[in-house]
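Peer 1: Have a look at this one.
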Amino acid sequence: MPVSSSPPDPKPLTARRDLLAACAALCAAGVAVFSNSFSGPFIFDDLLSIPQNPTIRHLVTALSPPGGGVTVTGRPVLNLSFAINYALSGDQVWSYHALNLLIHLATGLLLFGIVRRTLARLEAGGRVPATLAGRATSVAFASALLWIVHPLQTESVTYLVQRAESLMGLLYLLTLYAFIRGADARRSLPWYVLAVGACLLGMGAKEVMVSAPVLVLLYDRTFLAGSFSEAWRRRHRIHLCLAATWLPLAALVLHAADRGGSAGFGVGVSEAAYVATQFQAVAHYLWLAVWPHPLIVDYGTQWVRSVADVLPYAVVVIALVAGTAVALVRKPALGFLGAWFFAILAPTSLVPIVRQTLAEHRMYLALAPVTVLIAVAAYRWLGRRALWAAVVAAVALGSLTLARNADYRSSESIWRDTVRKRPENPYAHNNYGNLLAAAGREQAALAQYDAAIRLDPTFADPLYNAGKTLARLGRPNEAIARFEAALKLNPSMPDAETELGIALVAVGRETEAVAHFRRALALDPHYVDAHNQLGIALARAGRVAAAATEFEAALAASPNRADLHNNLGNVLRMQGRLTDAIGQYQEATQDDPDFVPAHLSLGNAYRDSNRMADAVAQYEQALRIDPNLPEARNNLGIVLLMSGRTDRAIREFEAALRVDPNLAQVHLNLALALQSAGRAAEAQAQFEAARRLGATLPPGTE
């Protein structure tokens, strides 16, 4: 066989090098612009779907996400992804951010691959203008680069729970990419299996995936077969398999029951008003695609109020829809981009969503056809200079992305930013108020709650939260008024019933309080805090047996809460069941070794059982946890005095009084100890101090 003396053709090697370099550059750009996102904490909807989601604690329960309309409801694949993160890092956020970024980068690479292969196919068929000839890789790179670094993507990458959007986007594009590869491959089956598998998983990530089988068929018609009939004739089996993934999606949607009443038809939202509002939303999304400022994590619930309000936006959107329909016939490639955009937004634009009429994360995948169109237009107008223009634009967009990531550095910063940019949003004021209250800034929190109430007088949550804050400030009567107002607006708030009961107890209205605790339990029979507070109220009323029943019910629902074991131990001790009480106190100290009340209670029970050494050990343990606790010093002094260790007892009483010199009972105990030690003059001074503070002196000490 003759051997050729000519050198090998370097073009395939060069093309592969260019391809790898482009992929590496895209990944580097993505890492660079999201490098400051990894410390962002769990915020807002993250809380119920991740740290407060018990189903992600074990992989075996992850495919059964919680209901109630949280982000993971009806989305087992999304829930499973969080379970994987939990297995890696628990409640530490780094692995969640890392996986979000990996998903985003992988989606960007798939977009690059889809655009590159599509343009190459069009060029091979002579269907691209001369300005795009030979530039499939460059145009695809520019498209994916702008998409990856765009600040609109922060809500789906940095805001952890919106992995729902990015994971769906990944599986959506993987479905399309695998289909394209299958259509080109000699052995198409592996690629088609991948396409169907990705589509099936996507249906379990987010419901927007519903349009994927339709978009794949449209791609086939537009770029491969040339007509729907030919696409069906050649590849009807794969299209049927993709369409079959609607069946599990339908099952998930039905099981989620309108996502806990938060989305769907017949959930208390006017379908016509919602769709009308979406004209404004879609126009706003397009504006943010070209001018991404201001970005807002929560727009609240906004509605168009009149035809005049919606008309300008409706004209724009209807014109775009009509243009897309015409382009699908006359310029199919351009029409496909428009159809892609509307296919992604259609589910959230047509199906009412109660709480959010506008949300930036919905543009995650819908942004892709926009950046593709911009890149293609730039290359047609600028030629080779378009790549440099794309790089300059990417630097500008990336700097905005870095700045936006900084807003997510804390819950307080993101809600402060939202209140500043969207002052008419009552939900933002309420959430910002919650964070201020948690930080101990109660007056500032009350101002935010008042702002929320002024903006929406029918919004019960800020009334409830203001009540909690007022109760914490020692203003129970004002708190009662807020709780009652909240319950008038929303009678189905077990936590408000419970907090109202606590406030009523604080002003001596125990009978009314018991009624509210019972009402809370009627709304939620497993509400632990309501059982606990009802038990406390019953114990104060002397109904210790009934109180014990409530504490036992609370422990059945939450068996590892130290305060519940301690409370049950207290009522058992009141019944004279010291052995049982000691068992409960011991459970409490095991559940939380730093829970001081349990050590004090256990010490008191040991004292009542004449186990003085054990009592001393518990009081000393309480003091190791909190050395400045007068109650522990006093109780320790009593046991020491009872044990004949008078000198040390005196020191403990004196130490308690150094912390708080106004404790009448401690002055009295110190007086008795000094009297026992034969220090009569000092004892008399302490008796006088005790009497001044209101203590009743024993006979013979007047």
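Heads up, the Cβ atoms here are built off N, Cα and C, so glycines get one too.
What you see is a predicted model, and the numbers here were worked out from it, not measured in a lab.
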Peer 1: From the ranges 16-35, 336-355, grab the one TrEMBL calls transmembrane segment.
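Peer 2: Within the set 16-35, 336-355, TrEMBL attaches transmembrane segment to 336-355.
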Peer 1: May I ask you to indicate which of 94-115, 534-555 is given in TrEMBL as transmembrane segment?
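Peer 2: It is 94-115 that TrEMBL describes as transmembrane segment.
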Peer 1: Taking the transmembrane segment (160-180) as the reference, which of 127-148, 237-257, 386-403 gives the largest number of Cβ pairs under 8 angstroms?
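Peer 2: So the stretch in question is 237-257.
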Peer 1: Based on Cβ pairs under 8 Å, which of the stretches 94-115, 127-148, 310-329, 386-403 lies most in contact with the transmembrane segment (336-355)?
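Peer 2: Top-ranked stretch among 94-115, 127-148, 310-329, 386-403: 310-329.
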